[in-house]
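Q: Below is a structure I'd like to ask you about.
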Ligand SMILES: Nc1ncnc2c1ncn2[C@@H]1O[C@H](COP(=O)(O)OP(=O)(O)OP(=O)(O)O)[C@@H](O)[C@H]1O
Ligand SMILES: O=C(O)C1=C[C@@H](O)[C@@H](O)[C@H](O)C1
Ligand SMILES: [Mg+2]
């Protein structure tokens, strides 16, 4: 019997390789545009960046696959942030560039205030009636979400079910056949479809939705979002009680990972409109707290 599993070819990977040449050409053109816009002759850029004239010519014609260190030198010589150099594609609106500049000068405390002001000013209609629950596995999103939907008499939606339906396969199949980036795209499209389809709902999301800025921003913009928070030991105990033995394979390591994931995601979870600590009481107490958070 052959025990070697064939490694599925990810269509995305071969596309990426094909796209690489196109990207290098676009990058070269972009760098040339930026340089010319600055009125900077190539010889001056070569002198100021320490990258040879010949190499710069190759780069601008899309032939040179420049190292990240050299690209950084080029960026510094033009006084442009590296991320603005590598982002090729449609030109960013000048308002967005200026807004990013303005916001990047604000101290962190005022940044939160600025975001709230913007959200408040441009709040999407009906946001209060679209309730989204976020939090790590075992937080209680499904359990409390179903209770809340029944109480409010609105549909309960499990985003994972919507992703499965859209992809036409199970989530592990999406991951193993097409990778995490495909899962992220399905997640974002499913969320958009849910928002477009329903005016009112209680939505239970996947624990990692907060790690994808564009998707999390959509969630925060269109939904009243509540972070169901729990202690690492409760997360672990609840997941294990549901029959998932994987976290037990090396308990101390798994626990450390869980603590790290929770700490790493906490700043994003904290952007939710409200928080309910489900480790602070039993299920009924958490539900009462959740009701308070939607009718403050
Ligand atoms: N105070 C509490 N609040 C919420 N759930 C609690 C509480 N105490 C115990 N539980 C139990 O914890 C479990 C939470 O699991 P649930 O499947 O709802 O989490 P989840 O956030 O949907 O996880 P996943 O991301 O894996 O889908 C349930 O079995 C629930 O009964
Ligand atoms: O917390 C996580 O990292 C994840 C939780 C799941 O619900 C899915 O969102 C995904 O499998 C990853
Ligand atoms: Mg769940």
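The backbone N, Cα and C atoms fix where each Cβ goes, and this holds for glycine too.
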Q: Which one of 115, 127, 128, 265 goes with 184, 207 at the substrate site, as TrEMBL has it?
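A: Substrate site check in TrEMBL: besides 184, 207, the record includes 265 out of 115, 127, 128, 265.
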Q: Measure the Cβ-based neighbour count of residue 265 (substrate binding site), defined as the other Cβ atoms within 10 Å of its Cβ.
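A: There are 19 of them.
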Q: Any idea what DSSP makes of residue 184 (substrate binding site), helix, strand or coil?
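A: Residue 184 (substrate binding site) sits in a helix per DSSP.
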Q: Express in Å, rounded to the nearest integer, the largest CA to CA distance found among the substrate-binding residues 184, 207, 265 named in the record.
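A: Across 184, 207, 265, the widest Cα separation comes out at 16 Å.
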